[in-house]
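Annotated in TrEMBL:
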- 6-30: transmembrane segment (TRANSMEM)
- 42-59: transmembrane segment (TRANSMEM)
- 65-87: transmembrane segment (TRANSMEM)
- 99-120: transmembrane segment (TRANSMEM)
- 126-147: transmembrane segment (TRANSMEM)
- 159-179: transmembrane segment (TRANSMEM)
- 185-208: transmembrane segment (TRANSMEM)
Amino acid sequence: MEDLSFIVGVIGNVISVLVFLSPVGTFWRIVKNGSTEDFESLPYVCTLLSSSLWTYYGITKPGAYLVATVNGFGILAEAVYVVLFLIYAPRKMRVKTGILVGILNVGFLAAAILVTHLALEGDTRIDAIGFMCAGLNIIMYGSPLAAMKTVVTSKSVEYMPFFLSFFLFLNGGIWAFYALLEHDIFLGVPNGIGFLLGTAQLILYAIFRKARPSNDTISQGLLEQGFQK
């Protein structure tokens, strides 16, 4: 069983790395154009916080090093994305991003580490970190829900990239399976939700991939989604 868990965890690491690298095309466009255009920094700031907390969880929980390694890579990738945002964003967005980084990636993260490290110990500390990680991941699934709403209202999958949905499906599924093998509810619940949302996105993609939306419905969908792919 331990060998199976290790194999599944390694596969999960590979898939997660691909998910972390999925915004590379977006940031190549940002660097090439010298502007962040209408892209939002919040998803990357939140993912940086999530990766940091999951790394802390993986380091704290015995035997969870596979969780720590892949999220350690996530910290590096998301930090690069955030730095590029701070370089190429307009002044107003740069200030907003700096404030978010200060509050979430510095203030909240430091407080979470200090409180759990100094006030808690043993399984209680692991459970507290796990609750924070799972809760943040569940909140972050609002982004896929917004993309799904855009697809339904615009009747177009243009703003819900297939490979991002596919990797959400794979990533959620493999880590939910890993969590089942390791009896880890904090990994299992958010990744199980990710697997279900990824499945729903693929179903929507199959339904609307050949649809021809009007420009008005596409514009309305973009406004409702709030940020580009």
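Backbone N, Cα and C atoms are what each Cβ position is placed from, and that goes for glycine too.
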Q: Among 99-120, 126-147, 159-179, 185-208, point out the range having the most Cβ pairs under 8 angstroms from the transmembrane segment (6-30).
A: 159-179
Q: Report, as numbers and ranges, every residue of the chain located at least six residues beyond the transmembrane segment (159-179) whose Cβ falls under 8 Å of a Cβ in that stretch; write 'none' if there are none.
A: 5, 8-9, 11-12, 15-16, 18-19, 22, 66, 144, 147-148, 150-151, 185-188, 191-199, 201-202, 204-205, 218, 221-222, 225, 228-229
